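Quick notes on the structure that follows.
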Number of protein chains: 4
Amino acid sequence: MTDFFKGIPVVTYEGEASTNEYAFRHYNPDEVILGKRMEDHLRFAVAYWHSFAWPGGDPFGGQTFDRPWFGDSMDLARLKADVAFEMFDILGAPFYCFHDADARPEGASFAESTRNLEEIVDYLGEKQATHKTQLLWGTANMFSHRRWMSGAATNPDPEVYAYAAATVKANMDATKKLGGQNYVLWGGREGYETLLNTDLKAERAHAGRFLQQVVEYKYKIGFTGTILIEPKPQEPSKHQYDYDVATVYGFLKDFGLEGEVKTNIEQGHAILAGHSFEHEIALASALGIFGSIDMNRNDYQSGWDTDQFPNNHAEKALAFYEILRAGGYTTGGTNFDAKVRRQSLDAEDLILAHVGGMDTCARALKAAAKMLEDGHMEAARATRYAGWQTSAAQAMLEGSLETIAADVMARNVNPEPVSGRQERLENLWNRYV
Amino acid sequence: MTDFFKGIPVVTYEGEASTNEYAFRHYNPDEVILGKRMEDHLRFAVAYWHSFAWPGGDPFGGQTFDRPWFGDSMDLARLKADVAFEMFDILGAPFYCFHDADARPEGASFAESTRNLEEIVDYLGEKQATHKTQLLWGTANMFSHRRWMSGAATNPDPEVYAYAAATVKANMDATKKLGGQNYVLWGGREGYETLLNTDLKAERAHAGRFLQQVVEYKYKIGFTGTILIEPKPQEPSKHQYDYDVATVYGFLKDFGLEGEVKTNIEQGHAILAGHSFEHEIALASALGIFGSIDMNRNDYQSGWDTDQFPNNHAEKALAFYEILRAGGYTTGGTNFDAKVRRQSLDAEDLILAHVGGMDTCARALKAAAKMLEDGHMEAARATRYAGWQTSAAQAMLEGSLETIAADVMARNVNPEPVSGRQERLENLWNRYV
Amino acid sequence: MTDFFKGIPVVTYEGEASTNEYAFRHYNPDEVILGKRMEDHLRFAVAYWHSFAWPGGDPFGGQTFDRPWFGDSMDLARLKADVAFEMFDILGAPFYCFHDADARPEGASFAESTRNLEEIVDYLGEKQATHKTQLLWGTANMFSHRRWMSGAATNPDPEVYAYAAATVKANMDATKKLGGQNYVLWGGREGYETLLNTDLKAERAHAGRFLQQVVEYKYKIGFTGTILIEPKPQEPSKHQYDYDVATVYGFLKDFGLEGEVKTNIEQGHAILAGHSFEHEIALASALGIFGSIDMNRNDYQSGWDTDQFPNNHAEKALAFYEILRAGGYTTGGTNFDAKVRRQSLDAEDLILAHVGGMDTCARALKAAAKMLEDGHMEAARATRYAGWQTSAAQAMLEGSLETIAADVMARNVNPEPVSGRQERLENLWNRYV
Amino acid sequence: MTDFFKGIPVVTYEGEASTNEYAFRHYNPDEVILGKRMEDHLRFAVAYWHSFAWPGGDPFGGQTFDRPWFGDSMDLARLKADVAFEMFDILGAPFYCFHDADARPEGASFAESTRNLEEIVDYLGEKQATHKTQLLWGTANMFSHRRWMSGAATNPDPEVYAYAAATVKANMDATKKLGGQNYVLWGGREGYETLLNTDLKAERAHAGRFLQQVVEYKYKIGFTGTILIEPKPQEPSKHQYDYDVATVYGFLKDFGLEGEVKTNIEQGHAILAGHSFEHEIALASALGIFGSIDMNRNDYQSGWDTDQFPNNHAEKALAFYEILRAGGYTTGGTNFDAKVRRQSLDAEDLILAHVGGMDTCARALKAAAKMLEDGHMEAARATRYAGWQTSAAQAMLEGSLETIAADVMARNVNPEPVSGRQERLENLWNRYV
Ligand SMILES: [Co+2]
Ligand SMILES: [Co+2]
Ligand SMILES: [Co+2]
Ligand SMILES: [Co+2]
Ligand SMILES: [Co+2]
Ligand SMILES: [Co+2]
Ligand SMILES: [Co+2]
Ligand SMILES: [Co+2]
């Protein structure tokens with residue numbers, strides 16, 4: 001045991017009446033919701049990077065956090081893993097996620113970096129063997145080191161593509177070894193700063209081929225998890241190729257990968273792209289590419305990614321409602337790609353931010369489940385579209401503009417608008433949240 | 001001759017030194033640029049709706065314009081057409097565009113509306129026969145009348161789908177009759193206000209089938225123009241299905257239409273979607289779906305569509321550069337989907353706004369063409385990606401993560417970043433604009 | 001009794017367990033919160049314009065609502081008032097608000113418009129005498145008619161300033177006659193579309209003098225209500241002079257009016273200006289100019305004013321917390337400057353949208369009051385700033401850079417950062433909402 | 001001479017026809033514009049921090065630049081100054097600006113930091129004595145070190161206020177010693193992350209008193225430069241107190257400083273606040289608080305501060321037009337608070353980015369000056385407001401609502417709108433840019 005979290009108790013469910021900061025008021029892992037344990041619905045994951053690797057810097061300021069494991073040695077990397085699993089234990093988190101660069105020191109060469117990764121993966125494997133917490137997904141950090149500044153798979157320099165391919169291979173190997181249920185690709189530098197120096201078409205083609213190689217390698221090694229793309233419209237790049245769910249879908253179709261790759265959807269990225277979180281989930285579900293979520297919010301006032309813990313259950317219930325309508329997660333989960341504010345210096349802050357986030361999600365899930373169970377919302381939706389269930393409507397879809405026009409003339413069709421009842425449905429919603 | 005534009009002379013090219021408000025300073029239709037007449041490059045079109053049908057209202061105020069043709073009779077519709085062609089003559093515009101609702105009064109039934117349309121189409125046909133100005137594209141207004149409030153092809157009520165199908169048929173017939181070179185669909189109400197009452201998947205399926213029917217009908221009647229979708233992310237809807245070029249592409253792929261339908265890209269819509277105009281053009285070109293443009297800008301300060309005339313040639317040159325790189329228009333053109341401000345009350349304002357817009361585009365085109373001709377920008381781009389021309393790079397794309405990783409290890413690959421030279425390229429750009 | 005709301009019952013409090021659409025689940029007017037009846041805390045007002053005068057149009061579509069009172073006669077104006085008070089009765093609303101243009105038909109001259117207004121004011125006065133609902137505030141619509149297109153008090157034409165002055169006089173007279181508790185000025189056209197044709201300094205000076213004249217007239221007629229400015233950054237204008245609370249404050253200071261005029265703060269306008277609602281309230285309170293609120297939200301996805309009913313109590317609780325900290329309203333209230341969506345066609349929608357909004361506010365108020373009562377949040381705030389209570393700290397404020405610097409050197413001051421505890425406070429917040 | 005810029009020639013004016021990258025095409029320091037040398041109009045300054053202290057990091061990536069002077073020793077600080085003045089010489093820049101933290105290593109105590117600063121100030125003073133380039137303004141970095149994480153003058157901890165006061169004193173001393181013409185305060189951390197832990201009113205009061213102390217110290221030491229506040233709405237803070245020009249004005253009025261302190265306006269900050277650059281300049285001029293500018297742009301697509309070099313002269317001409325209308329700079333200047341993109345790795349990029357920025361400004365200035373000289377724009381403005389020059393209009397401002405209303409009735413005033421002519425003025429503008 002390290003002493004980083006000394007004095008902080010394991011957090012357990014105490015119910016809504018509790019005023020204990022170190023208790024869950026809503027998250028009750030064993031409570032059964034729609035026939036499934038809450039823990040199995042939510043499948044919470046802690047993100048290694050924000051909680052253990054981020055020093056607290058922002059574009060105008062440097063490190064604020066003092067952590068005993070900060071530094072570049074393998075010993076410190078192991079200390080970091082020790083502390084991480086202590087936090088996972090305190091939270092009872094079933095999953096975690098990591099990038100290579102979060103977990104191991106960068107080496108002087110690719111070979112050394114890979115050896116470092118393998119060594120730390122073994123250490124994480126030992127941890128997993130003796131703890132509840134398992135790997136939700138692995139991923140490669142191909143955006144922080146200066147070699148990636150102009151992209152990874154979309155770099156103008158093919159040597160960087162090569163380095164990226166080797167890096168993803170190493171991370172897929174690591175993810176498979178640790179029993180990861182998914183492998184995620186987020187292309188923070190797969191985009192551009194200015195069109196003036198960019199070959200958009202070539203870069204897109206390279207990104208497509210790269211993703212095919214990833215899928216081919218998945219089959220080669222028998223990795224049974226899901227490959228996920230995390231869309232984001234911009235930041236750090238001015239424009240990123242994986243802009244949003246709809247963009248990723250067109251990209252997957254183009255490279256024959258729509259049956260192979262799904263999406264990891266983050267609320268903050270959804271709103272940067274001009275969407276709501278629930279829209280992106282609903283669309284991914286409609287397109288058959290919903291996989292997992294990063295459950296961290298942006299601040300509506302800030303035009304950049306703030307990666308904050310969720311704290312408004314009424315809003316998050318809309319997201320969980322769409323997840324439940326989509327049938328819930330298979331290999332996916334609820335990852336907190338969230339960081340405490342850089343002013344939140346203490347070990348307590350790290351723990352309690354997660355407790356608050358988990359409680360917010362649990363409360364949202366319960367509201368969404370109840371709503372779905374009661375059925376009023378879905379009944380209203382079905383009523384609104386009931387006209388499409390007639391054979392005449394279906395026949396029309398089979399027909400042509402000409403036959404439809406003739407019918408419109410013949411029947412003197414003149415449709416009368418019907419109320420969309422938005423406010424009534426919002427009131428109905430508010431019965432549940 | 002009406003007297004609406006009385007006293008306003010025909011506008012001709014006088015060159016940069018001219019201080020005559022009613023002269024072109026840059027637009028010289030017969031000047032040859034990159035082997036083609038400027039008029040044939042730019043293919044300017046005037047939009048009937050903004051200049052002749054819009055009363056000057058906004059969400060907080062009503063009509064500001066006094067126009068002698070405002071009203072709902074066929075006589076007034078003919079007067080409107082007379083004035084419109086007088087304006088086209090003054091500007092020397094080779095093209096115009098219109099919606100049914102701009103040109104004819106709404107009838108009491110679909111049949112009457114269609115008769116009204118047919119009658120005014122005949123009148124427009126006579127006009128075209130005796131004037132230079134021809135039809136760039138036709139389109140249906142399926143967003144203003146209350147019947148469309150919940151969508152056209154995506155309406156929960158199949159009767160509205162039917163009405164929409166009949167409407168598009170009538171407009172395609174009209175467009176074909178008038179020799180229109182394209183037919184445009186903009187889905188302002190094909191979207192939603194709240195997910196709570198929306199069946200996203202069904203609406204998308206209906207939209208897809210509708211578009212197939214449009215393409216089928218095109219072949220049925222032998223319309224040889226191009227079918228275009230105009231993307232817009234939102235407004236009037238909270239979310240619109242044709243969000244941006246990338247979204248439209250995925251949609252077309254899904255319904256097997258990526259070889260049949262192209263895009264009409266508007267600058268204002270591009271920036272509402274978080275893109276630059278030039279990005280959307282470059283992407284459409286890379287995806288093979290670039291068709292035409294609506295050359296009207298938004299104000300960067302306003303979060304809604306302001307449809308203003310372009311007035312910054314340096315910015316628009318970026319768009320024309322991508323159009324030229326894409327090979328220029330085939331059936332497309334430069335449509336001003338632009339309106340004078342509601343305070344710009346006078347006939348002079350209507351004319352001079354177009355003169356300014358045309359001159360801005362001409363100046364931008366000339367800068368872009370010179371840039372392309374001189375070749376420095378493209379040479380820099382080619383140099384940046386030169387590494388991809390090696391056989392080793394191409395072989396890598398054929399290979400696997402495994403073979404690439406082995407190579408990275410073997411060669412101890414450690415790519416050194418190279419300057420992206422953005423500012424130098426911006427300086428180069430500024431030699432031309 | 002008209003039959004517009006026929007069949008709709010009076011809405012009363014039934015508690016959280018109720019599933020009756022026509023019941024309040026949270027708003028219980030007589031329930032005592034922090035020593036005051038809930039009705040006296042919330043002071044709800046219905047906005048005449050959105051519910052009774054707006055036809056359902058938007059920038060891309062016309063009227064969707066069918067209302068028997070639409071039209072321009074005095075008879076229809078009286079019918080509208082009848083229906084309005086029927087709605088106020090159904091809701092049990094203590095207040096309403098109106099513009100002249102909502103309530104009376106525009107006349108052919110200023111004199112006729114004024115006579116129309118006086119006549120309808122008498123009618124409204126009779127209504128008030130026999131109903132519970134009284135006037136929260138009156139205001140003049142100086143943005144819809146084309147005469148205002150370039151501004152009212154800031155118009156380049158002094159004749160429009162004159163017309164505006166006469167209009168405000170008539171509306172202040174009306175407000176006084178009806179016992180209105182406030183008079184509001186919202187300057188939708190007090191701004192500009194382009195700096196190129198604008199004399200910013202002159203327009204600001206005219207606006208300042210105009211407001212002084214308003215205050216002078218208030219004293220002249222013995223109007224005892226509060227004069228309020230409603231800030232908004234833009235829309236309809238590209239830039240509006242009353243941008244936000246801070247801007248209004250500087251303007252008031254400049255014209256010696258900071259003790260005379262307060263603010264009416266709208267959530268939608270706050271977020272258009274890049275703020276949160278609670279920020280604007282807290283700032284107005286700190287500056288001594290908090291007056292009243294327009295409790296209607298925008299959609300975070302839309303870059304324009306959507307004026308929707310509030311439906312997220314957790315978010316609104318932040319606003320009510322600041323209102324309670326400010327000591328609550330004096331003459332102000334909670335006005336719904338909100339409109340049902342244009343697809344919400346039915347009389348039921350109008351009623352239920354208000355019911356939902358009132359319940360959302362009541363629930364938010366209760367949470368905020370409990371939070372304040374328990375005192376944990378304020379205790380944490382006091383602790384954070386406790387250092388400033390020392391005499392040394394206060395002495396430092398009296399001192400100079402030089403004396404402070406000497407002290408820093410002498411004591412080798414080297415402040416150690418302390419956690420800001422944001423997430424813990426957010427968790428605390430979530431105990432209450 | 002260091003060898004950092006080895007091989008790069010001094011940049012001189014060669015005129016528009018030049019294709020030499022290392023030449024000015026528009027910036028001709030001795031050319032006389034409106035009776036003043038271009039250099040004296042523009043008063044260019046280079047920012048020490050972006051060009052010499054920034055390592056190329058962003059929120060998702062670390063250092064990209066290799067600079068021989070990176071590190072924390074005094075020797076390296078002197079090397080940095082050597083290189084900086086070499087760049088100033090190459091550009092012929094008349095001014096530079098710096099923060100303490102850019103120029104000297106942080107010490108282990110305040111005393112050591114101050115000694116380091118004094119030592120480097122002496123070194124910079126020697127440089128200035130032998131080079132053309134002088135100090136435009138000095139400033140203190142009170143946002144990067146972790147001690148400032150919760151604010152400087154607005155910190156909840158009075159010890160930080162003390163440290164801030166001592167820091168500003170040291171920087172004002174340094175600025176005076178180096179003959180700086182202004183002293184700037186930018187409050188990047190003077191704001192908040194969450195209202196929940198913030199005492200808005202107390203923080204504002206402390207900020208006000210702090211600024212008074214700054215002004216008092218200015219007089220104490222006989223510093224004759226101008227004190228400037230640089231507004232920014234957010235980033236790094238979620239909300240910053242010096243939001244925009246109008247907010248700063250109200251703040252200054254409140255603390256009696258409106259005659260003492262002016263503003264340093266940055267284009268990027270203007271657009272983050274929802275304004276145009278020219279608006280902020282015009283407003284500051286109207287309020288009597290225009291001081292200086294930071295001439296660096298944001299990307300309209302990015303919701304954060306990108307600090308890019310200006311590259312669109314047509315847009316910047318609008319800013320220079322307002323500066324010229326305001327009478328030009330007195331102590332202020334055109335500072336490039338701009339950084340090359342993190343991919344722009346080379347010494348050449350640093351030089352050529354400044355060359356492009358200087359040329360863009362020179363071209364913009366020339367266009368603006370010509371426009372002002374020709375007088376058409378100002379004549380149109382005067383015509384639009386001519387009505388206000390009548391004695392009747394002025395008498396109206398002296399009058400009351402009552403007398404004006406009587407006059408409106410008596411004369412049956414019914415103002416007819418007049419075209420605002422926006423597009424015609426935009427065309428006029430385009431004759432010059
Ligand atoms: Co994120
Ligand atoms: Co994420
Ligand atoms: Co548009
Ligand atoms: Co358009
Ligand atoms: Co509003
Ligand atoms: Co309002
Ligand atoms: Co900046
Ligand atoms: Co700056």
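Using the three backbone atoms N, Cα and C, a Cβ is placed for every residue, glycine included.
Automatic, uncurated: that is what TrEMBL annotation is.
Close to C:His99 (active site) in the fold, though at least 6 residues off in sequence, lie C:Tyr48, C:Trp49, C:Gly138, C:Thr139, C:Ala140, C:Asn141, C:Asn171, each with a CB less than 8 Å from its CB. The active site annotation in TrEMBL covers C:His99 (among others).
The active site feature in TrEMBL is assigned to C:Asp102 (among others). Within 10 Å of the Cβ of C:Asp102 (active site) there are 22 other Cβ atoms, across all protein chains.
Sequence-distant contacts of C:Glu266 (Mg(2+) 1 binding site), defined by Cβ-Cβ distance under 8 angstroms and a gap of at least six in the same chain, are C:Glu230, C:Pro231, C:Lys232, C:Ile293, C:Asp294, C:Asn296, C:Asp337. Annotated Mg(2+) 1 binding site per TrEMBL: C:Glu230, C:Glu266, C:Asp294, C:Asp337, in sequence order.
The Mg(2+) 2 binding site annotation in TrEMBL covers C:Glu266, C:His269, C:Asp305, C:Asp307.
A 10 Å cutoff on Cβ-Cβ distances gives C:Asp337 (Mg(2+) 1 binding site) a total of 24 other Cβ atoms nearby, all chains included. When the C-alpha distances from C:Asp102 (active site) to the binding-site residues C:His269, C:Asp305, C:Asp307 are tabulated, the minimum falls on C:Asp307. Over all protein chains present, the Cβ of C:His269 (Mg(2+) 2 binding site) has 30 other Cβ atoms lying within 10 Å. Neighbours of C:Asp305 (Mg(2+) 2 binding site), defined as other CB atoms within 10 A of its CB across all chains, total 24. Neighbour list (C:Asp307 (Mg(2+) 2 binding site), Cβ cut-off 8 Å, at least 6 residues apart, same chain): C:His50, C:Gly268, C:Asn296, C:Asn298, C:Asp337, C:Ala338, C:Lys339.
The record gives C:Glu230, C:Glu266, C:Asp294, C:Asp337 for Mg(2+) 1. Within 8 Å of the mean position of their Cβ atoms, the other Cβ atoms in that chain belong to C:Trp186, C:Lys232, C:Asn264, C:Ile265, C:Gly268, C:His269, C:Ile293, C:Asn296, C:Asn335. Listed in chain order, the extra residues whose Cβ falls within 8 Å of the Cβ center of the Mg(2+) 2 site residues C:Glu266, C:His269, C:Asp305, C:Asp307 are C:Lys232, C:Gln267, C:Gly268, C:Leu272, C:Asp294, C:Asn296, C:Asn298, C:Thr306, C:Asp337.
With a cut-off of 6 Å between Cβ and the nearest atom of ligand 6, the recorded positions C:His99, C:Asp102, C:Asp305, C:Asp307 reduce to an empty set. When the recorded positions C:His99, C:Asp102, C:Glu230, C:Glu266 are checked against ligand 5, C:Glu266 have a Cβ within less than 6 Å of one of its atoms. Counting every protein chain shown, 26 other Cβ atoms lie within 10 Å of the Cβ of C:Asp294 (Mg(2+) 1 binding site).
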